[in-house]
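Look at Swiss-Prot and you will find C14, C17, C20, C145 tagged as [4Fe-4S] cluster 1 binding site. Look at Swiss-Prot and you will find C79, C99, C102, C105 tagged as [4Fe-4S] cluster 4 binding site, backed by similarity to another entry. Sequence annotations record features per position, and here Swiss-Prot assigns domain '4Fe-4S ferredoxin-type 3' to 90-119 based on sequence analysis. Feature annotation from Swiss-Prot assigns region 'Disordered' to 184-205. What Swiss-Prot lists as compositional bias 'Polar residues' is 186-195.
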Amino acid sequence: MTTQYGFFIDSSRCTGCKTCELACKDYKDLTPEVSFRRIYEYAGGDWQEDNGVWHQNVFAYYLSISCNHCEDPACTKVCPSGAMHKREDGFVVVDEDVCIGCRYCHMACPYGAPQYNETKGHMTKCDGCYDRVAEGKKPICVESCPLRALDFGPIDELRKKHGDLAAVAPLPRAHFTKPNIVIKPNANSRPTGDTTGYLANPKEV
């Protein structure tokens, strides 16, 4: 492998506007039921009593997540046709001419990245906009973010600059697939496995 690319996700800046998601859908000409990049809204809170006075303790934050082009992708391990594979540049892609649409990859991926396209009759997924990257550009989701909450580049450089945090609630623990992402947590971020909050928009992700 030459260079492993990855995404930087700044949850402290993300407002959940979904511009990245819509830009991706437009650029990739996706059908309504398919979204390669999705916005997770994690929320929670309760009431706390202080000397007879009750106060709210509510929180919410957003995470913009697509395929994480994992170091150890679960999707490629279960693909019976070999359609799902990891390229030399680290991008995990699906060969749509080879895919048989069994959906095993979707069931295996803890991030739900591979998605079935009803119109095409097979799986589709984020390919990291490798065509744009080859031209020296960044993925369309990164360039469209109005708050600059996303970045992209060689994962080693991103980790050197931003650290190596790759999981907060509601994401799974990073050791399962070793995702090539770096997260700057929101001030309200909870650790993976947290039970004080919940995924507020399950139908959207």
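Glycine is treated like the rest: Cβ placed from N, Cα and C.
Same-chain residues lying 6 or more positions outside the region 'Disordered' (184-205) and placing a CB less than 8 Å from one of its CB atoms are 8-14, 35, 38-46, 59-62, 65, 112, 162-163, 165, 167-174. Neighbour counts were taken at the CB atom with a 10 A radius for the binding-site residues C17, C20, C99, C145; the maximum falls on C20.
Closest to C14 ([4Fe-4S] cluster 1 binding site) in space, going by CA atoms and restricting to the binding-site residues C79, C99, C102, C105, is C105. Across all of the domain '4Fe-4S ferredoxin-type 3' (90-119), the predicted model scores a mean pLDDT of 98. For C102 ([4Fe-4S] cluster 4 binding site), the nearest of the binding-site residues C17, C20, C145 in terms of C-alpha separation is C20. For C105 ([4Fe-4S] cluster 4 binding site), the same-chain residues that are 6 or more apart in sequence and have a Cβ closer than 8 Å to its Cβ are A74, C75, T76, V78, C79, M84, V94, P114, M123, K125. In the three-state DSSP reading, C102 ([4Fe-4S] cluster 4 binding site) counts as coil. What surrounds the [4Fe-4S] cluster 4 site, by Cβ distance within 8 Å of the Cβ centroid and not counting C79, C99, C102, C105, is the set C75, V78, P80, S81, A83, M84, V94, I100, G101, R103, Y104, P114, H122, M123 from the same chain. A Cβ within 8 Å of the Cβ centre of C14, C17, C20, C145, the residues given for [4Fe-4S] cluster 1, is found for these other residues of the same chain: T15, G16, K18, T19, E21, I39, Y62, S64, C141, S144, P146, L147, A149, L150.
If you take the Cα of C145 ([4Fe-4S] cluster 1 binding site) and the Cα of C99 ([4Fe-4S] cluster 4 binding site), they are about 31 angstrom apart, rounded to a whole number. Of the listed binding-site residues C14, C79, C102, the Cβ environment within 10 Å is emptiest of other Cβ atoms at C102. A coil conformation is recorded for C14 ([4Fe-4S] cluster 1 binding site) in the three-state DSSP classification, outside any helix or strand. The CA atom of C17 ([4Fe-4S] cluster 1 binding site) is located 33 Å away from the CA atom of C99 ([4Fe-4S] cluster 4 binding site). Distance noted between the C-alpha atoms of C99 ([4Fe-4S] cluster 4 binding site) and C20 ([4Fe-4S] cluster 1 binding site) is 27 Å.
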